[in-house]
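All remarks here apply to the structure that follows.
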Amino acid sequence: MTERAAASARRVIPDKVGILIGILTIVAVLGLPFVVLRPNRIAAGTGLSVFAALPAMQGAALAALWIVGALWAMKASRPAWRLAAGCAWLATLAYALGAAATHVVAADDMLARVSPDAGVWLLLFAWAVLVADALARLAFGPWRRLAALVVAIAAISVPLASGWWDGLSVMREYAVRSDDFWREAIRHVSLAGGSVAAALVAGVPLGIACARIAAVRTVAMPVLNVVQTIPSIAMYGLMMAPLGLLAAHVPLAAALGIRGIGVAPAVLALFLYSLLPIASSVVVGLGQVPPHVTEAARAMGMTRAQRLLHVDLVLALPVILSGVRIVLVQNIGLTAVAALIGGGGFGTFIFQGIGQSAADLVLLGAIPTIALALVAAVIFEAATTLAKGRTG
């Protein structure tokens, strides 16, 4: 086979992930509504294709661009090109959303609402998979991953800050509740982060005890496993009665804000959920410390406490950080349910939207919750990789 024939054969090698992305893109563009237009925030809407949602030339040009891109994605290519293409297509999608909201709603119509429909969500999923697959193949180091996260946040901030998406229904919901949104955002981060911090204070010593004392592990781990199996709504409910009694009979508890509803039961439930992953990660991490390293530290004259602090926990740090990442992502999601008992957070908007049959109000709570979990996962994954590099 000549070099030209070999190069031609390489150019037509199909990409399995790309085939899936291409099929999803074509289905989204040609077979699914792009946006839904509602006469008001709770009424049933009418789905509009990309051709109807945008001016004729824009809709046709973007549809053609996306279909050509779908066909291109089906064949193997360099990961850097796929990353650039995925980012470019996501940028065109961001433009199309803002343009559609402006095009289908009259400027003086304050009641009509435009929301992304199935086509947008499928395109977003397909191209996010393309970007994630390209990043995985490029195998970015931790600092490049953090840089990519910063670039992604900056890119999303552009249409948000410029007002390009202001015509979308979810942004109209935000405009009405902007003060409440940021107050609940602080509450959400405080609940998720505070519960993880408290669990670290208690879980790390508990994990050390479980790793060192078999009797403690035999008792503690099954109990924590049972706690982990309790559904979140049931756990919040279980916390309400004892904390309510505590507030009724202990004036100091009531003065500190401990009540049967509100922040206290939410923090306690999240704290209990966090104990098992953190304690387990400590046990696993300490169990992976090579025995010869411990023996060398002992030979150097280190005390048991010094070996634990300066050798064992340092070498176990990557595993512990991995456990913290899992717990933090878990608690960010579980915090949304805390709104049911007055805990606040983004779940406030989710349950308000469900009660009012306002899907875009649900999105106002769901989208930042997902985004916050993704950011936390990337940051702690990078921290875990850095810790592995330092201890490797």
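Residue 1 is the first one shown; counting continues down the chain.
Here the Cβ of each residue, glycine as well, is placed from N, Cα and C on the backbone.
TrEMBL annotations: computationally assigned, not manually curated.
What TrEMBL says about this one:
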- 185-380: domain 'ABC transmembrane type-1' (DOMAIN)
- 17-36: transmembrane segment (TRANSMEM)
- 48-71: transmembrane segment (TRANSMEM)
- 83-106: transmembrane segment (TRANSMEM)
- 118-139: transmembrane segment (TRANSMEM)
- 146-165: transmembrane segment (TRANSMEM)
- 185-215: transmembrane segment (TRANSMEM)
- 264-287: transmembrane segment (TRANSMEM)
- 308-328: transmembrane segment (TRANSMEM)
- 334-354: transmembrane segment (TRANSMEM)
- 361-380: transmembrane segment (TRANSMEM)
Decide whether the stretches the transmembrane segment (118-139) and the transmembrane segment (17-36) have at least 3 CB pairs under 8 angstroms, with pairs required to be 6 or more apart in sequence. yes
So which of 17-36, 48-71, 83-106, 185-215, 264-287 is most in touch with the transmembrane segment (334-354), counting Cβ pairs under 8 Å? 185-215
Count the CB pairs under 8 A between the transmembrane segment (48-71) and each of 17-36, 146-165, 185-215, 264-287, 308-328, then give me the winner. 17-36
Is the transmembrane segment (17-36) packed against any residues at least 6 beyond its ends, judged by a Cβ distance under 8 Å, and which are they? 45-50, 52-53, 63, 66-67, 69-71, 73-76, 82, 96-97, 100-101, 104, 114-120, 122-123, 125-127, 129-130, 133
Any residues 6+ beyond the ends of the transmembrane segment (146-165) with a Cβ under 8 Å from its own? 87, 91, 94-95, 97-98, 101, 135, 140, 171, 375, 378-379, 382
Leading stretch by Cβ pairs under 8 Å, where the reference is the transmembrane segment (264-287) and the options are 83-106, 185-215, 308-328: 185-215
